[in-house]
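*Asks:* Below are the features listed in Swiss-Prot for this protein:
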BINDING   Ser159, Ala180, Ser181, Thr182, Tyr230, Asp312, Lys405  L-glutamate binding site
DISULFID  Cys67-Cys109  disulfide bond
DISULFID  Cys249-Cys538  disulfide bond
DISULFID  Cys372-Cys388  disulfide bond
DISULFID  Cys428-Cys435  disulfide bond
DISULFID  Cys520-Cys539  disulfide bond
DISULFID  Cys524-Cys542  disulfide bond
DISULFID  Cys545-Cys557  disulfide bond
DISULFID  Cys560-Cys573  disulfide bond
CARBOHYD  Asn98  N-linked glycosylation site
CARBOHYD  Asn301  N-linked glycosylation site
CARBOHYD  Asn454  N-linked glycosylation site
CARBOHYD  Asn484  N-linked glycosylation site
CARBOHYD  Asn569  N-linked glycosylation site
SIGNAL    1-32  signal peptide
TOPO_DOM  33-587  topological domain 'Extracellular'
TOPO_DOM  611-624  topological domain 'Cytoplasmic'
TOPO_DOM  646-656  topological domain 'Extracellular'
TOPO_DOM  676-699  topological domain 'Cytoplasmic'
TOPO_DOM  721-750  topological domain 'Extracellular'
TOPO_DOM  773-785  topological domain 'Cytoplasmic'
TOPO_DOM  809-821  topological domain 'Extracellular'
TOPO_DOM  848-912  topological domain 'Cytoplasmic'
TRANSMEM  588-610  transmembrane segment
TRANSMEM  625-645  transmembrane segment
TRANSMEM  657-675  transmembrane segment
TRANSMEM  700-720  transmembrane segment
TRANSMEM  751-772  transmembrane segment
TRANSMEM  786-808  transmembrane segment
TRANSMEM  822-847  transmembrane segment
Amino acid sequence: MPGKRGLGWWWARLPLCLLLSLYGPWMPSSLGKPKGHPHMNSIRIDGDITLGGLFPVHGRGSEGKPCGELKKEKGIHRLEAMLFALDRINNDPDLLPNITLGARILDTCSRDTHALEQSLTFVQALIEKDGTEVRCGSGGPPIITKPERVVGVIGASGSSVSIMVANILRLFKIPQISYASTAPDLSDNSRYDFFSRVVPSDTYQAQAMVDIVRALKWNYVSTVASEGSYGESGVEAFIQKSREDGGVCIAQSVKIPREPKAGEFDKIIRRLLETSNARAVIIFANEDDIRRVLEAARRANQTGHFFWMGSDSWGSKIAPVLHLEEVAEGAVTILPKRMSVRGFDRYFSSRTLDNNRRNIWFAEFWEDNFHCKLSRHALKKGSHVKKCTNRERIGQDSAYEQEGKVQFVIDAVYAMGHALHAMHRDLCPGRVGLCPRMDPVDGTQLLKYIRNVNFSGIAGNPVTFNENGDAPGRYDIYQYQLRNDSAEYKVIGSWTDHLHLRIERMHWPGSGQQLPRSICSLPCQPGERKKTVKGMPCCWHCEPCTGYQYQVDRYTCKTCPYDMRPTENRTGCRPIPIIKLEWGSPWAVLPLFLAVVGIAATLFVVITFVRYNDTPIVKASGRELSYVLLAGIFLCYATTFLMIAEPDLGTCSLRRIFLGLGMSISYAALLTKTNRIYRIFEQGKRSVSAPRFISPASQLAITFSLISLQLLGICVWFVVDPSHSVVDFQDQRTLDPRFARGVLKCDISDLSLICLLGYSMLLMVTCTVYAIKTRGVPETFNEAKPIGFTMYTTCIVWLAFIPIFFGTSQSADKLYIQTTTLTVSVSLSASVSLGMLYMPKVYIILFHPEQNVPKRKRSLKAVVTAATMSNKFTQKGNFRPNGEAKSELCENLEAPALATKQTYVTYTNHAI
């Protein structure tokens, strides 16, 4: 009794009492209808125990109206499901025998504030107004119908409505079982401790949707949520699960206002299009908002652009997609696993205006369902609306499909019935009807029995609750498909703790069975690394591995080892090809040709000289140094073969030895010759005595001394840096690794080559200087001028060699150009010496043997006279062949010399 309540109990309910006092004047009158008759805003069915019911019979009103248009499926179907379940329980002798369940069913109008006002009816009996002192004008007591005591509530539908109602019901310890509210917030047992539901929490639904997104290989999606607990909590759960599982990023997260302004949905579509790659849109919204989003997408000409994924509020409903089939095509929706209740189909199809008077909204449903009017006064002139005949039948004269939550409404009512049955069995054992311990029913005790129920639902599914009052997660997955101008929701999979998705049964607009893309960035190609966008792990830029880098993993490029280059797709490394100058290379043709011809010519000259070794012209050329010079020329030509041969230890050692040795031998011999001529000529200017070291033995000694310096340098080089072959990967390490080559070569650097040839060049320059100094020697004094011409030409060859050789050091064909240039230059130098010094002699020997005769002896005195008096007889000598003026001079001077018997050295046959 109120008088026995504690002070704390009343203090906690003081705000509610004040609220009820405002409604007090109207509520008794509204509840004072005769038994069994409906109210204008609720259904009342009498029984021993009364259950409350909350259903969205109407949608949200506009322009200040609390209620809008009738909801045939979400409202009437579900409401009738509760009435159907009550009838079954009341007629079941094994469930609550001799106890009748009554009901008080209210319309929430899909609005939480309106539902709050309506739900005050459920607690009115708990806060009774003492009317003993109230008297009517006649002095009698007022006629007030005592409100029924509601022991439990079935509903509500929307999560925001359930949350609002749960906050009141928990104060009065009235258990509540929802058939459709799935917001994760309602799992908070500390705030909504008297709330339970036969549908799974959106936490499970969010996990299922994340699994679907991943299975479809989408990683960049947008979310749309209706303002309120259901939409916002659902999207929040989806985002949380996507972060936990990874691999899914949110492009846009849009919230639909509770009272959207004009153009709000067009703005939402424009915002979704800002991230056009995110074609998948996750929708946690009520069906009205879903429909308006689809309409806005059609207005924006985005039919087929978005791929919708709807939560259970969309499910398999027709209303959200009616006349929007093309926009909604391909939509993937999720719905708690359910089965059609055939008994309900028979029940609902049999409802008529005559046998269903307890449903105060059934007449309105009848008019809306059959497009007719019950009253003639409601018919407008000129209207095509007909008058209802009451002979219309559901399913025959109108389309009918069982609403998706009917099963759960029935299961919720049965859960309450089973809990009351177990409670009656324990508290009233053996008693028929209610016992004092259940009159009134204690809500806290009833809640414990509700949480412990375990039975098979109307469709054979198990009905249980966990400690938070949630049902286990079991979902069916649908896709809205258009086939042959007909649209249907087709089951494509299920989810019970993990996903079972039949992708082959899916069909997408424009692409058939090919999975559409909803990704932030396209996958990187092989050889590219991902550079993720900060804060968006699903978005990245693809950066190619450059240069000699290869792809180690998705995020890393690494440089290949120095002797390797990346593969074509840059996913690994492969050895760099090793090149060398091949015998058949075009670069080797000219050097080999010159070398072969030169060696042949050299051997021919040697053979000729050996054959005619004792002839005057061979003797006059200085046989000893001539053969040394020919040996040097031969080595110059032979060096070409060493330069083209494959580099190895032996080849590289021979290159070091013979590359400069052939030239050193040649120029040492020529230098010795020019130096001998110069010394004889200069000595003749000063005295008639012979210069020292002009004998053949001395000349050979000088030549070999000069050559030994070259050999000594080579020996020191071998000791300091032993010869070996190397593969140079830097020489042709091009910017494009496809053209990179390793060059197999000897360890002779450019600096080493300069040092190797430097001594030969020094001999060549010195020889050239002597050739210039002896340019005035008479032609009869052997080879002074031919040697001069040889050295001038050789200098020109090597001056051309230097810029070509060192100017191509950065060329990709450096190996070929430098080797060819070096070998050709050496061969040309040898050819110049061979051609200018020996070919004229060979020509005379072979073709003009008559000229190969001894000349008259010339004395040193003649040489001296020629050196001192040559200018005097220059003009005369120019008119006489072979220096006859000088001969005459010598002959004129010979007689006095004999008379005085002066001693002098005589040279025979011009062997100077």
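Along the chain as shown, residues are numbered 1 onward.
Cβ coordinates come from backbone N, Cα and C, glycine included.
Mind running through what each feature is packed against?
*Replies:* For Asp312 (L-glutamate binding site), the same-chain residues that are 6 or more apart in sequence and have a Cβ closer than 8 Å to its Cβ are Ala180, Thr182, Val199, Gln205, Thr333, Ile334, Leu335, Pro336, Gly404, Tyr475.
Under the DSSP three-state reduction, Cys67 (disulfide bond) is assigned to strand.
Remark: Cys538 (disulfide bond) has Asn219, Tyr220, Gly247, Val248, Cys249, Ile519, Cys520, Ser521 as non-local neighbours, by Cβ distance under 8 Å and separation of at least 6 in sequence.
Cys372 (disulfide bond) counts 18 other C-beta atoms within 10 Å of its own C-beta, drawing on all protein chains shown. Secondary structure at Cys372 (disulfide bond), as computed by DSSP, is strand.
Listed in sequence order, the residues of the same chain lying 6 or more apart from Cys435 (disulfide bond) and placing their CB within less than 8 Å of its CB are His424, Leu427, Cys428. For the recorded site, Cys435 (disulfide bond), the DSSP three-state label reads coil.
Annotation note: Cys520 (disulfide bond) sits in a coil segment as assigned by DSSP.
DSSP assigns Cys542 (disulfide bond) to a strand. Cys542 (disulfide bond) is surrounded by 14 other CB atoms, counting those within 10 A of its CB over all protein chains shown.
Neighbours of Cys557 (disulfide bond), defined as other CB atoms within 10 A of its CB across all chains, total 19.
In the three-state DSSP classification, Cys560 (disulfide bond) falls within coil.
Within the same chain, residues at least six positions away from Asn98 (N-linked glycosylation site) with a Cβ under 8 Å of its Cβ are Val432, Gly433. According to DSSP, Asn98 (N-linked glycosylation site) is assigned to coil rather than to any helix or strand.
The Cβ of Asn301 (N-linked glycosylation site) lies under 8 Å from no Cβ of any same-chain residue at least six residues away in sequence. Asn301 (N-linked glycosylation site) carries neither a helix nor a strand DSSP state and counts as coil.
Contacts of Asn454 (N-linked glycosylation site) defined by a Cβ separation under 8 A and a same-chain sequence distance of 6+ are given as Pro462, Val463, Thr464, in order along the sequence.
In the three-state DSSP classification, Asn484 (N-linked glycosylation site) falls within coil.
Asn569 (N-linked glycosylation site) carries neither a helix nor a strand DSSP state and counts as coil.
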*Asks:* Would you list the DSSP helix, strand and coil counts for the residues of the topological domain 'Cytoplasmic' (611-624)?
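*Replies:* Tallied per class, the topological domain 'Cytoplasmic' (611-624) gives 8 helix, 0 strand, 6 coil.
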*Asks:* Cβ pairs under 8 Å only, please: of the recorded stretches 588-610, 657-675, 751-772, 786-808, which one is richest in them relative to the transmembrane segment (822-847)?
*Replies:* 588-610
*Asks:* Cβ within 8 Å of the L-glutamate site's Cβ centroid: which residues qualify beyond Ser159, Ala180, Ser181, Thr182, Tyr230, Asp312, Lys405?
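*Replies:* Leaving out the recorded residues gives Ser157, Gly158, Ser162, Ser178, Ala183, Arg197, Val199, Asp202, Ser313.
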*Asks:* Looking only at the recorded stretches 588-610, 657-675, 751-772, 786-808, which one has the largest tally of CB-CB distances under 8 Å to the transmembrane segment (625-645)?
*Replies:* 657-675
*Asks:* Quick one: of the recorded positions Cys372, Cys388, Asn484, Cys524, Cys539, which has its CA closest to the CA of Tyr230 (L-glutamate binding site)?
*Replies:* Cys539
*Asks:* Select the closest residue to Ser181 (L-glutamate binding site) from the following recorded positions, measuring between CA atoms: Cys109, Cys372, Cys388, Cys524, Asn569.
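*Replies:* Considering only the listed recorded positions, the nearest one is Cys109.
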*Asks:* Do the transmembrane segment (786-808) and the transmembrane segment (657-675) share at least 3 Cβ pairs under 8 Å, sequence separation 6 or more?
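*Replies:* Checked: the transmembrane segment (786-808) vs the transmembrane segment (657-675), in contact.
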*Asks:* Between Cys372 (disulfide bond) and Asn484 (N-linked glycosylation site), what is the CA-CA distance rounded to a whole number of Å?
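*Replies:* If we compare the Cα positions of Cys372 (disulfide bond) and Asn484 (N-linked glycosylation site), the gap is 32 Å.
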